[in-house]
Amino acid sequence: QEGDPEAGAKAFNQCQTCHVIVDDSGTTIAGRNAKTGPNLYGVVGRTAGTQADFKGYGEGMKEAGAKGLAWDEEHFVQYVQDPTKFLKEYTGDAKAKGKMTFKLKKEADAHNIWAYLQQVAVRP
């Protein structure tokens, strides 16, 4: 499914409670200085659990990154709809849990947010 970045910008409002998009120069692209979750600038293609300034990753996310998870659309869409289920399946660890408690209800929103992130959050 092809995402719509404009719809993704609107849907990203749901993410701003916990996430920001702040580029390497410190310019805020989206969000309101939230620190609960990692900065999503550079998330496209990034190994899971490796955003340098964020220290709050759970063990399940770190394990997924160690097992090779790099964020692409397919994995992002699955993860944001049910983080704990995704991490259990990806890592093969029945005890893995996602620290992200929010679940995005609509798959279309997930595709749209990914399209938005591809537009504004990719490192040049």
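Each residue, glycine too, has its Cβ placed from N, Cα and C.
Copied from Swiss-Prot, the annotated features are:
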- Q1: pyrrolidone carboxylic acid (MOD_RES)
- C15, C18, H19, M100: heme c binding site (BINDING)
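Cα of H19 (heme c binding site) to Cα of Q1 (pyrrolidone carboxylic acid): a span of 24 Å. The record assigns C15, C18, H19, M100 to the heme c binding site, and the maximum Cα to Cα distance across that set is 11 Å. Of the recorded residues, M100 (heme c binding site) and Q1 (pyrrolidone carboxylic acid) place their C-alpha atoms 24 Å from one another. The record gives C15, C18, H19, M100 for heme c. Within 8 Å of the mean position of their Cβ atoms, the other Cβ atoms in that chain belong to Q16, T17, A34, T36, G37, L40, F102. Geometry remark: Q1 (pyrrolidone carboxylic acid) versus C15 (heme c binding site), CA distance 21 Å. Within its own chain, C15 (heme c binding site) has G31, G37, L40, I113 as residues 6 or more apart in sequence whose C-beta sits under 8 angstroms from its own. When Cβ atoms from all protein chains are considered, those within 10 Å of the residue listed as 'pyrrolidone carboxylic acid' total 12, not counting its own.
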